[in-house]
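Trainee: My questions all concern the structure below.
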Amino acid sequence: MAWTPLLLSLLAHCTGSATSYELTQPHSVSVATAQMARITCGGNNIGSKAVHWYQQKPGQDPVLVIYSDSNRPSGIPERFSGSNPGNTATLTISRIEAGDEADYYCQVWDSSSDH
């Protein structure tokens, strides 16, 4: 079996807060097909906020893959899962496929803000 590395680019984005909120993600993750990728998104007390994850392939609009920390929209494979237990939210993609190569964005929604 050939080892095919996939580059999962990562970008962080924060919305819904009137104050500045900083998110941190690694710049990229390289994973072999059929392996598992864990993509993290860190922020102060991020566990108290709703985290959403988007996948964007070149030339395409972003696709929501996880919403409200761990919920999967209809049509998203079970290989995609999310968790948000504290100061780090995680998107996990099991059994990586070539089609998973994309940019992944974490987005935080602070429901305590009306902005």
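Using N, Cα and C of the backbone, Cβ positions are placed for all residues, glycine too.
Quick paste of what Swiss-Prot says about this protein:
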DISULFID  Cys41-Cys106  disulfide bond
DOMAIN    21-115  domain 'Ig-like'
REGION    20-41  region 'Framework-1'
REGION    42-50  region 'Complementarity-determining-1'
REGION    51-67  region 'Framework-2'
REGION    71-106  region 'Framework-3'
REGION    107-115  region 'Complementarity-determining-3'
SIGNAL    1-20  signal peptide
Trainee: Please spell out the DSSP helix, strand and coil residue counts for the domain 'Ig-like' (21-115).
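Mentor: Counts, helix then strand then coil: 6 helix, 42 strand, 47 coil.
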Trainee: Enter the number of other CB atoms within 10 angstroms of the CB of Cys41 (disulfide bond).
Mentor: 28
Trainee: If I take every residue in the region 'Framework-1' (20-41) and average their pLDDT values, what number comes out?
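Mentor: Residues in the region 'Framework-1' (20-41) carry a mean pLDDT of 83 in this prediction.
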